[in-house]
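Enquirer: Can you read through this structure? Questions will come right after.
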Amino acid sequence: MQKRSFGQTKEGREVTEYTLVNAQGMTLSVIDLGATIVSITMKGSDGNVYDVVLGYDTPVDYQNNTCYFGAVIGRNANRIDHARIHLDGKDYSLEANDNENNLHSGSHGFHAVIWDVVQESAQSITFSYVSRDGEQDFPGNMTAKVTYTLDDNGEVAITYEAVCDQTTVANFTNHAYFNLDGHDSGVMEGQKLELHASYYTPVIDSKAIPTGELAKVAGTPFDFREMKEIGRDIEADDTQLHYAGGYDHNYALDKADGTMQLAARARGAKSGICMDVYTDCVGIQLYTGNFITPQTGKGGVQYGKRHAFCLETQYFPNAVNEKNFKSPVLKAGDTYCSKTKYCFGLEK
């Protein structure tokens, strides 16, 4: 475990970076602001070192970050229709930070706070945060934990846990932006992706709230059941793609029984780096960075539209309000636990 100062927030609070290193020299670096992944580095098939996630060099850049680069998202990932929920007979109004909807729990979500480190070792680190009753406008005092582990096989595992003293919502994810040819390699549309999902959740309009139905991917640009270039169909004349300017849709995973299952496989176009995603979640959001505005990232690299893709494991968007979707409601005293693994390697 390596540790260094990452600088200070706008408010003058110190932010620390923690780096895990495995036997192959692969690294995973996270900061306590947002329990955010700031880099994942490994050697490609050419022997060069690649950093495969987008990020910034300073805490202030992360605070100004509207893309949520690398951050833990909670209490609720993705969108809630009209920023309203109903729990235990009570109505709650949340921050409307995405049109009239709530996105990623609003501006004071888990991505925006400094987490405590409660456990660390050579291969793992655990962050904890106490979200007080009414924070983000959700009910209950919640204790949340996120553990990152890097093993010698190139596996980055993320385990989420939470308990709360009132009925609330628990639906965490990580918003890492991947570019398997390196964060500095530009548009990623030539990289390949496979998703183990026969259905996705279409949205009502450009505000990205699901209709509540499951639609077959077969015969549509949303079919990634066989590996294909991410950009192959991204400009197809499809209403759903027009709404999001590309992919920004939730997929219903075929094997969603609460156990760890292979959900996705991705391959770099030039680096030889591959990534397999395993999760116990019911859904995975494919987002192709359609709204990354031109900006300066870490190392002075210029980022822009479709320079990375996200694979966010989750309950379905607006699941708290949609009776057809598995519910993210966490009852008082129960334990929320979820795990996702990003397994990195080189193409054989």
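Each residue's number is its place along the chain shown, starting with 1.
Cβ coordinates are placed from backbone N, Cα and C, and glycine is handled just like the others.
Since this is a predicted model, take the numbers as computed values, not measurements.
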Enquirer: Taking TrEMBL at its word that ASN78, ARG79, HIS175, ALA176, TYR177 bind beta-D-galactose, choose the one of ASP237, ASP238, ASP248 listed for that site.
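Expert: The one candidate that TrEMBL places in that beta-D-galactose site: ASP248.
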Enquirer: Taking the Cβ of ASN78 (beta-D-galactose binding site) as centre, how many other Cβ atoms lie within 10 Å?
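Expert: Result for ASN78 (beta-D-galactose binding site): 29 neighbouring Cβ atoms inside 10 Å.
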Enquirer: To the nearest Å, how far is the Cα of GLU312 (active site, proton acceptor) from the Cα of TYR177 (beta-D-galactose binding site)?
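Expert: Cα of GLU312 (active site, proton acceptor) to Cα of TYR177 (beta-D-galactose binding site) measures 9 Å after rounding.
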Enquirer: Based on the record's binding annotation for beta-D-galactose (ASN78, ARG79, HIS175, ALA176, TYR177, ASP248), what whole-number value in Å is the widest Cα to Cα distance?
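Expert: So the maximum pairwise Cα distance among the beta-D-galactose binders is 18 Å.
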Enquirer: When a 10 Å sphere is centred on the Cβ of GLU312 (active site, proton acceptor), how many other Cβ atoms does it contain?
Expert: 22
Enquirer: For each of ARG79, TYR177, ASP248, count the other CB atoms within 10 A of its CB; which of these binding-site residues has the top count?
Expert: TYR177
